[in-house]
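Down below is the structure, laid out as structure tokens.
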Amino acid sequence: MNYFSSDFKLGILGGGQLGKMLLTETRKFDIQTYILDPSDEAPSQFGATKFFRGSLMDFDTVYQFGKMVNLLTIEIENVNLDALDKLEEEGLPVYPSPKTLRLIQNKGCQKDFYVQNNIPTSPHQRYVDLNDLRKSLEKDELEFPFVWKCAQFGYDGNGVKVCRSALDLVKLPNVECIAEEMVPFKNELAVIVVRSVSGEVKTYPVVEMEFHPEANQVEYVICPARIDEKVAQKATEIALKVSQAFNHVGLLAVEMFQTEDDEILVNEVAPRPHNSGHYSIEASYTSQFENHLRAILDLPLGNTNSKVAGIMVNLVGEEGFSGQVIYENIEKIMAIDGVTPHIYGKRETRPFRKMGHVTIVNENMDEARKIAEEVKNSIRVISV
Ligand code: ADP
């Protein structure tokens, strides 16, 4: 199939920042791209060949959108899967497959899948709702502490709570959930695996994530992770095993814990471009977005190695500020060598809202880390 400067149309469900960054690549290759998103402020609306406003969860909207394109991918997991099933049945290539998305959409199903496929993960129990979990506590089948996770629609840590006593349960919603054993980890790692339609596979280097202690959002992503080569190898092997188990096509970001005794446990996966791979735009030979496109179009995959050390700092809305956004001191950080901000295009800031990110590249990792801290301490996402 000829994709380049042709009538071929790629459809993307979701028009957030991930879609926006994918569009940089479809523009580079001159591939027509249609986007569907519910928001009229979607960051992707200007870069697409056509932008459609509509619900990603509505069967008819997703089905009709799919009928206009030649291949469908996603930048968000929460989409109507029945529509994708039907489109796939009718011959439309959909990557990742609705079957994979169904397993991933529900954290309980996802965890069961790891257990069934001998993929190391922390032990878990599934509950139909919070009352069900409480009963399990009463019967001493479950003990504090544990990590509560809502089974569906959580993101960036907002559906996750560490529970140390009954008090921690008070404000939790009465929805389907899982309880996971707490992992005493010394590092959170991620590996992005890219796999094409015909099965060519490559992995990006292991990255290390540092989280904001309160908001549970990633603060720094560091590539390569400053870990032992053996641990990196183990993490890469496990990520490959996960990708194989899903028979995945496209990008799969595998988030993992490195435990105190250097075991690797899979936490969760994202079947799409991921925050932990944003550094690749500046630091890698081929960005994660370009490789996602190559994989789903069954083109040869690009080199996933890094050219330089890369660190990504998330730009999230400062606490106490809501409204028209201002990026305070953006000129100051742009005056530093190797610093590139990405602004997603959301006009309104809110506390902890993901507004953009900054990539720091440097020949030297220690220097990159120092600059990353300077960036973090200088730029502020505030409102007028
Ligand atoms: P989300 O899908 O919202 O990103 P995660 O499952 O990744 O949720 O959990 C968010 C964060 O909570 C993780 O990055 C980690 O810091 C912490 N966490 C999650 N599960 C566990 C666990 N079993 N033990 C310890 N900490 C955990």
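Every residue, even glycine, has its Cβ placed from backbone N, Cα and C.
No curator has checked TrEMBL annotations; they are predicted automatically.
Between the candidates LYS139, LYS149, LYS230, LYS234, TrEMBL assigns the ATP site shared with LYS107, GLU180, GLU181, MET182, VAL183, GLU188, ASN267, GLU268 to LYS149. Taking the Cβ of GLU268 (ATP binding site) as reference, residues of its chain lying under 8 Å away and at least six apart in sequence are, in sequence order, LYS107, GLN110, GLU255. The local packing around GLU188 (ATP binding site), expressed as other Cβ atoms within 10 Å of its Cβ over all shown chains, amounts to 20. Among the record's ATP binders, LYS107, LYS149, GLU180, GLU181, MET182, VAL183, GLU188, ASN267, GLU268, no two C-alpha atoms are more than 18 Å apart, and one pair sits at exactly that spread. Among the binding-site residues LYS107, GLU180, MET182, the residues whose Cβ sits under 6 Å from any atom of ligand 1 are GLU180, MET182. As a whole-number mean, the pLDDT of the domain 'ATP-grasp' (111-297) in this prediction is 95. In the three-state DSSP assignment, the secondary structure recorded for LYS107 (ATP binding site) is helix. In sequence order, SER122, PRO145, PHE146, VAL147, VAL162 are the residues near MET182 (ATP binding site), counting only same-chain partners six or more apart with C-beta under 8 A.
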